[in-house]
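The feature region 'Disordered' is assigned by TrEMBL to 1-28. Sequence annotations record features per position, and here TrEMBL assigns compositional bias 'Basic and acidic residues' to 19-28. Positions annotated as transmembrane segment by TrEMBL: 32-51, 118-142, 149-167, 179-199, 211-231, 243-262, 327-348, 363-385, 392-414, 420-447, 459-482, 488-509. What TrEMBL lists as domain 'Major facilitator superfamily (MFS) profile' is 40-513.
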(Lines of atoms letter the chains of each structure in order from A and count residues from 1; the text may use other names and numbers.)
(Lines give C-alpha, C1' and ligand atoms only; values in the text may rest on other atoms or scores of the structure.)
Protein backbone atom coordinates (compact mmCIF):
# COMPACT_ATOMS: atom_id res chain seq x y z
CA UNK A 1 0.00 0.00 0.00
CA UNK A 2 1.58 3.21 -1.21
CA UNK A 3 1.85 6.20 1.13
CA UNK A 4 1.04 9.44 -0.71
CA UNK A 5 0.95 13.09 0.17
CA UNK A 6 -2.63 14.38 0.29
CA UNK A 7 -2.68 17.97 -0.96
CA UNK A 8 -6.34 18.33 -1.90
CA UNK A 9 -9.61 16.67 -0.99
CA UNK A 10 -8.10 13.71 0.85
CA UNK A 11 -10.35 10.70 1.19
CA UNK A 12 -9.40 8.99 4.44
CA UNK A 13 -11.06 5.71 3.57
CA UNK A 14 -9.11 5.20 0.36
CA UNK A 15 -6.09 3.17 1.34
CA UNK A 16 -4.98 2.22 -2.16
CA UNK A 17 -4.44 4.74 -4.92
CA UNK A 18 -5.87 4.17 -8.37
CA UNK A 19 -3.37 6.45 -10.06
CA UNK A 20 -0.76 4.91 -12.37
CA UNK A 21 2.63 4.35 -10.80
CA UNK A 22 4.29 7.05 -12.85
CA UNK A 23 1.77 9.65 -11.63
CA UNK A 24 1.82 8.83 -7.93
CA UNK A 25 4.46 11.41 -7.17
CA UNK A 26 5.61 14.51 -8.92
CA UNK A 27 8.65 14.83 -6.73
CA UNK A 28 12.06 14.40 -8.29
CA UNK A 29 13.80 11.13 -7.42
CA UNK A 30 16.09 11.41 -4.43
CA UNK A 31 19.71 11.54 -5.57
CA UNK A 32 22.39 9.49 -3.88
CA UNK A 33 24.58 11.53 -1.52
CA UNK A 34 28.30 11.40 -0.84
CA UNK A 35 27.61 10.55 2.81
CA UNK A 36 25.53 7.52 1.82
CA UNK A 37 28.12 6.30 -0.69
CA UNK A 38 30.96 6.72 1.82
CA UNK A 39 29.03 4.85 4.50
CA UNK A 40 28.24 2.00 2.09
CA UNK A 41 31.74 1.75 0.61
CA UNK A 42 33.86 2.10 3.74
CA UNK A 43 31.41 0.03 5.76
CA UNK A 44 31.75 -2.79 3.23
CA UNK A 45 35.48 -2.26 2.66
CA UNK A 46 36.29 -3.01 6.28
CA UNK A 47 33.76 -5.84 6.50
CA UNK A 48 32.56 -7.91 3.53
CA UNK A 49 35.73 -7.10 1.54
CA UNK A 50 37.79 -8.84 4.22
CA UNK A 51 35.49 -11.87 4.07
CA UNK A 52 35.96 -12.22 0.31
CA UNK A 53 39.71 -11.61 0.51
CA UNK A 54 40.11 -14.22 3.23
CA UNK A 55 38.21 -16.80 1.17
CA UNK A 56 40.50 -16.16 -1.77
CA UNK A 57 43.91 -16.29 -0.11
CA UNK A 58 43.22 -19.34 2.06
CA UNK A 59 40.26 -21.43 0.96
CA UNK A 60 40.77 -21.31 -2.81
CA UNK A 61 44.46 -22.34 -2.73
CA UNK A 62 43.56 -25.21 -0.41
CA UNK A 63 40.98 -26.49 -2.88
CA UNK A 64 43.43 -26.11 -5.76
CA UNK A 65 45.96 -28.20 -3.87
CA UNK A 66 43.32 -30.88 -3.31
CA UNK A 67 42.75 -31.03 -7.06
CA UNK A 68 46.46 -31.36 -7.71
CA UNK A 69 46.71 -34.29 -5.33
CA UNK A 70 43.58 -36.01 -6.68
CA UNK A 71 44.87 -35.69 -10.24
CA UNK A 72 48.26 -37.11 -9.20
CA UNK A 73 50.11 -34.00 -10.33
CA UNK A 74 52.22 -34.03 -7.22
CA UNK A 75 53.40 -36.32 -4.50
CA UNK A 76 51.93 -36.87 -1.05
CA UNK A 77 55.28 -36.99 0.68
CA UNK A 78 55.48 -35.39 4.07
CA UNK A 79 57.99 -32.79 2.94
CA UNK A 80 56.28 -30.43 0.51
CA UNK A 81 59.49 -28.61 -0.36
CA UNK A 82 60.68 -31.33 -2.72
CA UNK A 83 57.54 -31.52 -4.83
CA UNK A 84 57.06 -30.24 -8.33
CA UNK A 85 54.41 -27.77 -7.35
CA UNK A 86 52.44 -25.31 -9.45
CA UNK A 87 53.25 -21.80 -8.24
CA UNK A 88 49.60 -20.80 -8.10
CA UNK A 89 48.90 -23.01 -5.06
CA UNK A 90 51.85 -21.65 -3.10
CA UNK A 91 50.01 -20.19 -0.10
CA UNK A 92 48.57 -23.46 1.14
CA UNK A 93 51.75 -25.36 0.35
CA UNK A 94 53.96 -22.87 2.15
CA UNK A 95 51.73 -23.06 5.20
CA UNK A 96 51.97 -26.86 5.12
CA UNK A 97 55.75 -26.54 4.81
CA UNK A 98 55.73 -24.24 7.83
CA UNK A 99 53.69 -26.80 9.79
CA UNK A 100 56.24 -29.48 8.93
CA UNK A 101 59.26 -27.34 9.84
CA UNK A 102 57.71 -26.27 13.15
CA UNK A 103 56.90 -29.88 13.99
CA UNK A 104 60.50 -30.88 13.23
CA UNK A 105 61.86 -28.14 15.50
CA UNK A 106 59.57 -29.17 18.37
CA UNK A 107 59.66 -32.95 18.20
CA UNK A 108 62.73 -33.78 16.09
CA UNK A 109 60.84 -35.77 13.44
CA UNK A 110 58.79 -34.95 10.31
CA UNK A 111 55.11 -34.47 10.72
CA UNK A 112 52.97 -37.39 9.59
CA UNK A 113 50.75 -37.10 6.53
CA UNK A 114 47.61 -37.61 8.62
CA UNK A 115 48.66 -34.95 11.11
CA UNK A 116 49.43 -32.28 8.51
CA UNK A 117 46.12 -33.03 6.82
CA UNK A 118 44.31 -32.70 10.13
CA UNK A 119 46.06 -29.43 11.01
CA UNK A 120 45.30 -27.97 7.61
CA UNK A 121 41.68 -29.12 7.78
CA UNK A 122 41.32 -27.44 11.17
CA UNK A 123 42.93 -24.26 9.81
CA UNK A 124 40.42 -24.10 6.96
CA UNK A 125 37.24 -25.25 8.73
CA UNK A 126 37.67 -23.29 11.97
CA UNK A 127 36.89 -20.15 9.97
CA UNK A 128 33.26 -21.29 9.67
CA UNK A 129 33.09 -22.07 13.40
CA UNK A 130 34.30 -18.56 14.16
CA UNK A 131 31.74 -17.19 11.71
CA UNK A 132 28.96 -19.01 13.52
CA UNK A 133 30.08 -17.57 16.86
CA UNK A 134 30.19 -14.10 15.33
CA UNK A 135 26.66 -14.47 13.97
CA UNK A 136 25.44 -15.49 17.43
CA UNK A 137 26.87 -12.28 18.92
CA UNK A 138 25.29 -9.87 16.44
CA UNK A 139 21.95 -9.37 18.18
CA UNK A 140 23.54 -8.42 21.49
CA UNK A 141 26.19 -6.17 19.93
CA UNK A 142 23.83 -4.25 17.66
CA UNK A 143 21.48 -3.70 20.58
CA UNK A 144 24.18 -2.43 22.93
CA UNK A 145 26.39 -0.33 20.66
CA UNK A 146 24.38 0.07 17.46
CA UNK A 147 25.04 -0.90 13.87
CA UNK A 148 27.95 1.45 13.24
CA UNK A 149 29.39 0.75 16.67
CA UNK A 150 29.36 -2.98 15.97
CA UNK A 151 31.21 -2.47 12.68
CA UNK A 152 33.82 -0.33 14.42
CA UNK A 153 34.32 -2.85 17.21
CA UNK A 154 34.61 -5.61 14.64
CA UNK A 155 37.73 -3.98 13.20
CA UNK A 156 39.51 -4.99 16.37
CA UNK A 157 38.95 -8.66 15.51
CA UNK A 158 40.35 -8.08 12.02
CA UNK A 159 43.51 -6.42 13.33
CA UNK A 160 44.06 -9.15 15.94
CA UNK A 161 43.56 -11.85 13.28
CA UNK A 162 45.99 -10.12 10.91
CA UNK A 163 48.67 -9.97 13.63
CA UNK A 164 48.22 -13.63 14.59
CA UNK A 165 48.28 -14.84 10.99
CA UNK A 166 51.19 -12.64 9.92
CA UNK A 167 53.40 -13.26 12.96
CA UNK A 168 52.71 -16.98 13.38
CA UNK A 169 55.69 -17.90 11.22
CA UNK A 170 58.06 -15.61 13.12
CA UNK A 171 56.86 -17.03 16.43
CA UNK A 172 57.18 -20.60 15.04
CA UNK A 173 53.61 -21.30 16.15
CA UNK A 174 51.06 -22.92 13.87
CA UNK A 175 48.59 -22.51 16.73
CA UNK A 176 48.67 -18.75 16.05
CA UNK A 177 47.54 -19.39 12.48
CA UNK A 178 44.66 -21.56 13.62
CA UNK A 179 43.57 -19.03 16.27
CA UNK A 180 43.96 -16.22 13.75
CA UNK A 181 41.66 -18.02 11.32
CA UNK A 182 39.11 -18.47 14.09
CA UNK A 183 39.22 -14.77 15.03
CA UNK A 184 38.91 -13.83 11.35
CA UNK A 185 35.85 -16.06 11.20
CA UNK A 186 34.32 -14.19 14.14
CA UNK A 187 34.98 -10.93 12.29
CA UNK A 188 33.28 -12.24 9.14
CA UNK A 189 30.32 -13.64 11.07
CA UNK A 190 29.66 -10.25 12.65
CA UNK A 191 30.31 -8.34 9.42
CA UNK A 192 27.95 -10.36 7.23
CA UNK A 193 25.07 -9.62 9.61
CA UNK A 194 25.81 -6.12 10.94
CA UNK A 195 26.77 -4.60 7.58
CA UNK A 196 23.59 -5.53 5.62
CA UNK A 197 21.55 -4.38 8.62
CA UNK A 198 23.32 -1.01 8.61
CA UNK A 199 23.09 -0.56 4.83
CA UNK A 200 19.40 -1.44 4.77
CA UNK A 201 18.55 1.06 7.51
CA UNK A 202 20.49 4.02 6.12
CA UNK A 203 19.23 3.64 2.52
CA UNK A 204 16.16 5.35 1.01
CA UNK A 205 13.75 2.65 -0.08
CA UNK A 206 14.11 3.42 -3.80
CA UNK A 207 17.84 2.63 -3.63
CA UNK A 208 17.89 0.13 -0.76
CA UNK A 209 18.78 -2.73 -3.10
CA UNK A 210 21.60 -0.88 -4.86
CA UNK A 211 23.19 0.25 -1.61
CA UNK A 212 22.72 -3.23 -0.15
CA UNK A 213 24.63 -4.71 -3.10
CA UNK A 214 27.79 -2.97 -1.88
CA UNK A 215 28.06 -5.98 0.42
CA UNK A 216 28.18 -8.41 -2.52
CA UNK A 217 30.36 -6.19 -4.73
CA UNK A 218 33.01 -5.81 -2.04
CA UNK A 219 33.00 -9.56 -1.32
CA UNK A 220 33.75 -10.20 -5.00
CA UNK A 221 36.34 -7.44 -5.09
CA UNK A 222 38.00 -9.00 -2.04
CA UNK A 223 38.16 -12.37 -3.80
CA UNK A 224 39.70 -10.74 -6.87
CA UNK A 225 42.24 -8.82 -4.78
CA UNK A 226 43.31 -12.04 -3.06
CA UNK A 227 43.81 -13.70 -6.45
CA UNK A 228 45.94 -10.80 -7.69
CA UNK A 229 48.09 -10.45 -4.57
CA UNK A 230 48.56 -14.24 -4.50
CA UNK A 231 50.35 -14.21 -7.85
CA UNK A 232 54.02 -15.36 -7.72
CA UNK A 233 55.22 -11.94 -8.87
CA UNK A 234 53.58 -10.28 -5.86
CA UNK A 235 53.03 -12.01 -2.50
CA UNK A 236 52.61 -15.62 -3.64
CA UNK A 237 56.15 -16.57 -2.66
CA UNK A 238 57.59 -18.57 0.22
CA UNK A 239 59.23 -15.49 1.73
CA UNK A 240 56.11 -13.32 1.42
CA UNK A 241 53.03 -15.46 2.15
CA UNK A 242 52.66 -13.99 5.65
CA UNK A 243 52.24 -10.54 4.07
CA UNK A 244 49.08 -11.83 2.41
CA UNK A 245 47.62 -12.11 5.90
CA UNK A 246 49.12 -8.84 7.13
CA UNK A 247 47.11 -7.09 4.39
CA UNK A 248 43.93 -7.93 6.35
CA UNK A 249 44.70 -5.09 8.76
CA UNK A 250 44.72 -2.38 6.07
CA UNK A 251 40.97 -2.26 5.23
CA UNK A 252 40.11 -2.53 8.93
CA UNK A 253 42.36 0.39 9.85
CA UNK A 254 41.00 2.47 6.97
CA UNK A 255 37.42 1.85 8.16
CA UNK A 256 38.45 2.86 11.67
CA UNK A 257 39.67 6.18 10.28
CA UNK A 258 36.54 6.98 8.23
CA UNK A 259 33.46 5.37 9.77
CA UNK A 260 33.50 7.33 13.08
CA UNK A 261 32.79 10.51 11.10
CA UNK A 262 29.69 9.02 9.42
CA UNK A 263 26.23 8.82 11.06
CA UNK A 264 24.72 5.89 12.89
CA UNK A 265 21.57 4.27 11.49
CA UNK A 266 18.77 6.83 11.95
CA UNK A 267 16.22 4.06 12.45
CA UNK A 268 18.30 2.65 15.29
CA UNK A 269 18.69 6.08 16.87
CA UNK A 270 14.97 6.85 16.71
CA UNK A 271 13.35 3.49 17.49
CA UNK A 272 15.85 1.97 19.89
CA UNK A 273 17.65 4.94 21.45
CA UNK A 274 14.71 7.38 21.28
CA UNK A 275 17.18 9.99 20.02
CA UNK A 276 15.03 12.05 17.66
CA UNK A 277 17.59 14.84 17.29
CA UNK A 278 20.32 12.35 16.36
CA UNK A 279 18.02 10.54 13.95
CA UNK A 280 17.03 13.81 12.28
CA UNK A 281 20.68 14.77 11.85
CA UNK A 282 21.51 11.33 10.39
CA UNK A 283 18.58 11.50 7.97
CA UNK A 284 19.72 14.91 6.77
CA UNK A 285 23.25 13.65 6.17
CA UNK A 286 22.22 10.51 4.29
CA UNK A 287 19.45 12.16 2.24
CA UNK A 288 21.13 15.51 1.62
CA UNK A 289 18.09 17.61 2.48
CA UNK A 290 16.94 19.73 5.42
CA UNK A 291 13.30 18.68 5.73
CA UNK A 292 13.24 15.06 6.87
CA UNK A 293 9.92 15.20 8.74
CA UNK A 294 8.40 12.62 6.38
CA UNK A 295 11.16 10.14 7.10
CA UNK A 296 10.85 10.66 10.84
CA UNK A 297 7.08 10.21 10.70
CA UNK A 298 7.35 6.97 8.75
CA UNK A 299 9.66 5.50 11.38
CA UNK A 300 7.26 6.66 14.10
CA UNK A 301 4.37 5.02 12.20
CA UNK A 302 6.29 1.76 12.02
CA UNK A 303 6.92 1.93 15.74
CA UNK A 304 3.20 2.43 16.42
CA UNK A 305 2.29 -0.49 14.17
CA UNK A 306 4.68 -2.97 15.77
CA UNK A 307 3.23 -5.39 18.27
CA UNK A 308 6.41 -5.30 20.34
CA UNK A 309 8.44 -2.29 21.43
CA UNK A 310 11.51 -4.18 22.61
CA UNK A 311 14.10 -6.02 20.54
CA UNK A 312 12.65 -9.47 19.97
CA UNK A 313 14.68 -12.58 20.68
CA UNK A 314 15.21 -15.42 18.24
CA UNK A 315 12.66 -17.49 20.14
CA UNK A 316 10.05 -14.74 19.91
CA UNK A 317 10.69 -14.40 16.20
CA UNK A 318 10.37 -18.13 15.56
CA UNK A 319 7.16 -18.36 17.58
CA UNK A 320 5.46 -15.37 15.93
CA UNK A 321 2.92 -16.77 13.43
CA UNK A 322 2.73 -13.42 11.62
CA UNK A 323 6.39 -13.81 10.62
CA UNK A 324 6.47 -17.54 9.90
CA UNK A 325 6.97 -17.36 6.12
CA UNK A 326 9.43 -14.47 6.34
CA UNK A 327 11.61 -16.68 8.55
CA UNK A 328 11.23 -19.66 6.23
CA UNK A 329 12.12 -17.48 3.23
CA UNK A 330 15.28 -16.21 4.89
CA UNK A 331 16.32 -19.75 5.85
CA UNK A 332 15.71 -21.04 2.32
CA UNK A 333 17.55 -18.21 0.56
CA UNK A 334 20.56 -18.31 2.91
CA UNK A 335 20.78 -22.10 2.69
CA UNK A 336 20.65 -21.95 -1.12
CA UNK A 337 23.28 -19.19 -1.03
CA UNK A 338 25.78 -21.67 0.42
CA UNK A 339 24.44 -24.97 -0.96
CA UNK A 340 24.05 -23.86 -4.61
CA UNK A 341 27.50 -25.23 -5.45
CA UNK A 342 29.64 -22.18 -6.16
CA UNK A 343 32.38 -23.29 -3.76
CA UNK A 344 32.52 -26.66 -5.51
CA UNK A 345 33.42 -24.90 -8.77
CA UNK A 346 36.89 -24.22 -7.42
CA UNK A 347 37.61 -27.94 -7.25
CA UNK A 348 37.41 -28.14 -11.02
CA UNK A 349 38.52 -24.80 -12.46
CA UNK A 350 42.27 -25.41 -12.57
CA UNK A 351 41.97 -29.04 -13.65
CA UNK A 352 39.75 -28.00 -16.58
CA UNK A 353 42.21 -25.30 -17.61
CA UNK A 354 45.03 -27.83 -17.50
CA UNK A 355 43.06 -30.27 -19.63
CA UNK A 356 42.50 -27.44 -22.10
CA UNK A 357 46.24 -27.39 -22.74
CA UNK A 358 47.16 -24.20 -20.93
CA UNK A 359 50.66 -24.06 -19.50
CA UNK A 360 50.98 -24.19 -15.72
CA UNK A 361 52.57 -20.74 -15.55
CA UNK A 362 49.62 -19.02 -17.29
CA UNK A 363 46.80 -20.77 -15.40
CA UNK A 364 46.85 -18.33 -12.43
CA UNK A 365 46.31 -15.42 -14.79
CA UNK A 366 43.40 -17.14 -16.52
CA UNK A 367 41.89 -17.93 -13.11
CA UNK A 368 41.81 -14.18 -12.50
CA UNK A 369 38.94 -14.08 -15.00
CA UNK A 370 36.73 -15.84 -12.43
CA UNK A 371 37.28 -13.08 -9.89
CA UNK A 372 36.79 -10.46 -12.59
CA UNK A 373 33.50 -12.01 -13.73
CA UNK A 374 32.31 -12.15 -10.11
CA UNK A 375 32.99 -8.48 -9.55
CA UNK A 376 31.51 -7.36 -12.88
CA UNK A 377 28.31 -9.39 -12.39
CA UNK A 378 27.88 -8.01 -8.85
CA UNK A 379 28.30 -4.43 -10.09
CA UNK A 380 25.75 -4.95 -12.89
CA UNK A 381 23.33 -6.47 -10.40
CA UNK A 382 23.69 -3.44 -8.15
CA UNK A 383 22.95 -1.13 -11.08
CA UNK A 384 19.78 -2.94 -12.24
CA UNK A 385 18.31 -4.26 -9.00
CA UNK A 386 16.06 -1.23 -8.48
CA UNK A 387 14.70 -1.53 -12.02
CA UNK A 388 14.32 -5.30 -12.27
CA UNK A 389 13.63 -6.13 -8.63
CA UNK A 390 14.93 -8.67 -6.10
CA UNK A 391 12.57 -11.51 -6.98
CA UNK A 392 13.34 -11.72 -10.75
CA UNK A 393 17.10 -11.52 -10.16
CA UNK A 394 17.03 -14.29 -7.55
CA UNK A 395 14.85 -16.59 -9.67
CA UNK A 396 16.92 -15.91 -12.79
CA UNK A 397 20.20 -16.45 -10.93
CA UNK A 398 19.26 -19.83 -9.46
CA UNK A 399 17.61 -20.97 -12.71
CA UNK A 400 20.63 -19.99 -14.79
CA UNK A 401 22.96 -21.75 -12.35
CA UNK A 402 20.87 -24.93 -12.65
CA UNK A 403 21.00 -24.73 -16.46
CA UNK A 404 24.77 -24.27 -16.62
CA UNK A 405 25.38 -26.97 -13.97
CA UNK A 406 23.51 -29.34 -16.28
CA UNK A 407 25.64 -28.32 -19.26
CA UNK A 408 28.82 -28.55 -17.18
CA UNK A 409 27.98 -32.11 -16.16
CA UNK A 410 27.55 -33.07 -19.82
CA UNK A 411 30.74 -31.34 -20.92
CA UNK A 412 32.83 -32.87 -18.12
CA UNK A 413 31.70 -36.37 -19.07
CA UNK A 414 32.76 -35.85 -22.70
CA UNK A 415 35.90 -33.90 -21.86
CA UNK A 416 38.29 -36.74 -22.68
CA UNK A 417 36.75 -37.42 -26.10
CA UNK A 418 37.04 -33.96 -27.66
CA UNK A 419 39.98 -31.59 -27.34
CA UNK A 420 37.74 -28.53 -27.47
CA UNK A 421 35.32 -29.71 -24.79
CA UNK A 422 37.33 -28.30 -21.82
CA UNK A 423 36.90 -24.81 -23.27
CA UNK A 424 33.12 -25.25 -23.10
CA UNK A 425 33.45 -26.53 -19.54
CA UNK A 426 35.39 -23.45 -18.49
CA UNK A 427 32.82 -21.23 -20.22
CA UNK A 428 30.11 -22.93 -18.14
CA UNK A 429 32.11 -22.25 -14.99
CA UNK A 430 32.26 -18.55 -15.82
CA UNK A 431 28.51 -18.59 -16.58
CA UNK A 432 27.74 -20.25 -13.21
CA UNK A 433 29.81 -17.61 -11.39
CA UNK A 434 28.12 -14.75 -13.27
CA UNK A 435 24.67 -16.23 -12.62
CA UNK A 436 25.41 -16.52 -8.91
CA UNK A 437 26.64 -12.94 -8.57
CA UNK A 438 23.74 -11.55 -10.60
CA UNK A 439 21.34 -12.22 -7.72
CA UNK A 440 21.92 -15.11 -5.28
CA UNK A 441 25.34 -13.75 -4.34
CA UNK A 442 24.07 -10.61 -2.63
CA UNK A 443 20.30 -10.32 -2.54
CA UNK A 444 19.75 -12.82 0.34
CA UNK A 445 21.48 -10.32 2.65
CA UNK A 446 19.34 -7.47 1.31
CA UNK A 447 16.16 -9.51 1.76
CA UNK A 448 16.97 -10.39 5.36
CA UNK A 449 16.95 -6.70 6.20
CA UNK A 450 13.81 -5.98 4.20
CA UNK A 451 11.48 -8.77 5.33
CA UNK A 452 11.45 -7.73 8.99
CA UNK A 453 10.59 -4.59 10.89
CA UNK A 454 12.99 -2.94 13.31
CA UNK A 455 12.32 -4.94 16.47
CA UNK A 456 12.75 -8.30 14.73
CA UNK A 457 15.65 -7.44 12.40
CA UNK A 458 18.63 -8.31 14.68
CA UNK A 459 17.11 -11.72 15.52
CA UNK A 460 16.43 -12.33 11.82
CA UNK A 461 20.06 -11.63 10.95
CA UNK A 462 21.16 -14.00 13.70
CA UNK A 463 19.03 -16.78 12.18
CA UNK A 464 20.34 -15.96 8.69
CA UNK A 465 23.91 -15.98 9.98
CA UNK A 466 23.51 -19.34 11.71
CA UNK A 467 22.08 -20.90 8.54
CA UNK A 468 24.81 -19.31 6.42
CA UNK A 469 27.72 -20.58 8.50
CA UNK A 470 26.30 -24.03 9.25
CA UNK A 471 25.68 -24.54 5.52
CA UNK A 472 29.17 -23.22 4.76
CA UNK A 473 30.70 -25.74 7.15
CA UNK A 474 28.53 -28.55 5.76
CA UNK A 475 29.66 -27.88 2.19
CA UNK A 476 33.33 -27.91 3.19
CA UNK A 477 32.85 -31.11 5.15
CA UNK A 478 30.64 -33.11 2.79
CA UNK A 479 31.58 -32.05 -0.74
CA UNK A 480 34.90 -33.98 -0.88
CA UNK A 481 32.93 -37.16 -0.13
CA UNK A 482 30.30 -36.25 -2.72
CA UNK A 483 33.00 -35.58 -5.30
CA UNK A 484 34.71 -38.88 -4.55
CA UNK A 485 31.53 -40.94 -4.89
CA UNK A 486 29.72 -39.03 -7.65
CA UNK A 487 32.68 -37.54 -9.55
CA UNK A 488 31.42 -35.04 -12.14
CA UNK A 489 27.80 -35.97 -11.40
CA UNK A 490 28.15 -34.15 -8.06
CA UNK A 491 26.99 -31.02 -9.85
CA UNK A 492 23.57 -32.58 -10.33
CA UNK A 493 23.05 -32.27 -6.58
CA UNK A 494 23.60 -28.52 -6.84
CA UNK A 495 21.33 -28.39 -9.88
CA UNK A 496 18.51 -29.79 -7.75
CA UNK A 497 19.21 -27.27 -4.96
CA UNK A 498 19.10 -24.36 -7.43
CA UNK A 499 15.86 -25.57 -9.03
CA UNK A 500 14.16 -26.02 -5.65
CA UNK A 501 15.32 -22.56 -4.56
CA UNK A 502 13.99 -20.94 -7.75
CA UNK A 503 10.63 -22.73 -7.45
CA UNK A 504 10.20 -21.72 -3.81
CA UNK A 505 10.99 -18.08 -4.54
CA UNK A 506 8.63 -18.03 -7.52
CA UNK A 507 5.64 -19.13 -5.46
CA UNK A 508 6.39 -17.53 -2.07
CA UNK A 509 8.53 -14.41 -2.33
CA UNK A 510 6.76 -11.08 -3.03
CA UNK A 511 8.63 -8.26 -4.67
CA UNK A 512 10.15 -5.90 -2.09
CA UNK A 513 11.44 -3.23 -4.48
CA UNK A 514 10.54 0.34 -3.45
CA UNK A 515 8.30 -0.82 -0.58
CA UNK A 516 8.36 0.30 3.02
CA UNK A 517 9.15 -2.23 5.71
CA UNK A 518 5.50 -2.19 6.81
CA UNK A 519 4.30 -2.77 3.24
CA UNK A 520 6.59 -5.80 2.95
CA UNK A 521 5.36 -7.22 6.27
CA UNK A 522 1.76 -6.88 5.12
CA UNK A 523 2.60 -8.63 1.83
CA UNK A 524 3.04 -11.81 3.88
CA UNK A 525 -0.18 -11.37 5.86
CA UNK A 526 -2.26 -13.64 3.64
CA UNK A 527 0.22 -16.50 3.41
CA UNK A 528 0.83 -16.27 7.17
CA UNK A 529 -2.94 -16.50 7.73
CA UNK A 530 -2.85 -13.33 9.80
CA UNK A 531 -6.44 -12.23 10.56
CA UNK A 532 -7.38 -8.69 9.68
CA UNK A 533 -7.90 -7.99 13.34
CA UNK A 534 -4.24 -8.67 14.10
CA UNK A 535 -2.98 -5.83 16.27
CA UNK A 536 -0.10 -4.97 14.02
CA UNK A 537 -2.21 -4.80 10.86
CA UNK A 538 -5.11 -3.11 12.64
CA UNK A 539 -2.95 -0.33 14.04
CA UNK A 540 -1.41 0.40 10.66
CA UNK A 541 -4.78 0.39 8.90
CA UNK A 542 -6.02 2.86 11.47
CA UNK A 543 -3.11 5.12 10.64
CA UNK A 544 -3.79 4.68 6.91
CA UNK A 545 -7.44 5.48 7.40
CA UNK A 546 -6.55 8.90 8.74
CA UNK A 547 -7.20 8.48 12.44
CA UNK A 548 -5.05 11.50 13.08
CA UNK A 549 -4.29 14.56 11.04
CA UNK A 550 -1.11 16.56 11.29
CA UNK A 551 -0.01 19.78 9.71
CA UNK A 552 3.30 20.02 7.92
CA UNK A 553 4.70 22.90 5.89
CA UNK A 554 1.28 24.55 5.81
CA UNK A 555 -0.45 21.51 4.26
CA UNK A 556 -2.98 19.27 5.95
CA UNK A 557 -1.98 15.64 5.42
CA UNK A 558 -3.22 12.36 6.71
CA UNK A 559 -0.87 10.88 9.26
CA UNK A 560 0.63 7.75 7.72
CA UNK A 561 -0.33 8.61 4.13
CA UNK A 562 2.69 10.73 3.40
CA UNK A 563 5.21 9.43 0.93
CA UNK A 564 8.68 8.91 2.33
CA UNK A 565 12.10 8.14 1.01
CA UNK A 566 12.43 5.43 3.66
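Cβ atoms here come from the backbone N, Cα and C positions, even for glycine.
Since we're looking at a predicted model, the values are computed, not measured.
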Who are the chain neighbours of the transmembrane segment (392-414) in space, where the CB to CB distance is under 8 Å and they lie at least 6 residues beyond its ends?
333, 336, 340-341, 348, 352, 381, 384-385, 421-422, 424-425, 428-429, 431-432, 435-436, 438-441, 443-444, 488-489, 491-492, 494-495, 498-499, 501-502, 505-506, 509
Looking only at residues six or more beyond either end of the transmembrane segment (420-447), which have a C-beta under 8 A from one in the stretch?
192, 196, 200, 208-209, 212-213, 215-217, 219-220, 329-330, 333-334, 336-337, 340-342, 345, 348-349, 352-353, 355-357, 369-370, 373-378, 380-382, 385, 390, 393-398, 400-401, 404-405, 407-408, 411-412, 414, 464, 501, 509, 512
Suppose I define contact as three or more CB-CB distances under 8 A, residues 6 or more apart in sequence; do the transmembrane segment (211-231) and the transmembrane segment (488-509) meet it?
no
Local confidence of the domain 'Major facilitator superfamily (MFS) profile' (40-513) - pLDDT mean
85
So, does the transmembrane segment (179-199) come close enough to the transmembrane segment (32-51) to give 3+ Cβ pairs below 8 Å, pairs being at least 6 apart in sequence?
yes
Cβ under 8 Å to the transmembrane segment (363-385), counting only same-chain residues 6 or more beyond its ends: which ones?
56, 86-88, 209-210, 213-214, 216-217, 219-221, 223-224, 226-228, 230-232, 236, 349-350, 353-354, 393, 429-430, 433-439, 441-443, 446, 513
Outside the transmembrane segment (327-348), at least 6 residues beyond either end, the same-chain residues with a Cβ under 8 Å of its Cβ set are 59-60, 63-64, 66-67, 317-318, 394, 398, 401, 405, 412, 425, 429, 432-433, 436, 440-441, 443-444, 447-448, 451, 460, 463-464, 467-468, 471-472, 474-476, 479, 483, 490-491, 493-495, 497-498, 500-501, 504-505, 508-509
Using a Cβ cut-off of under 8 Å, list the residues of the same chain at least 6 residues beyond the transmembrane segment (118-142) that approach it.
54, 58-59, 62, 92, 95-96, 99, 111, 149-150, 153, 157, 174, 177-178, 181-194, 197, 268, 311, 313-314, 458-459, 461-462, 464-466, 468-470, 472-473, 476-477
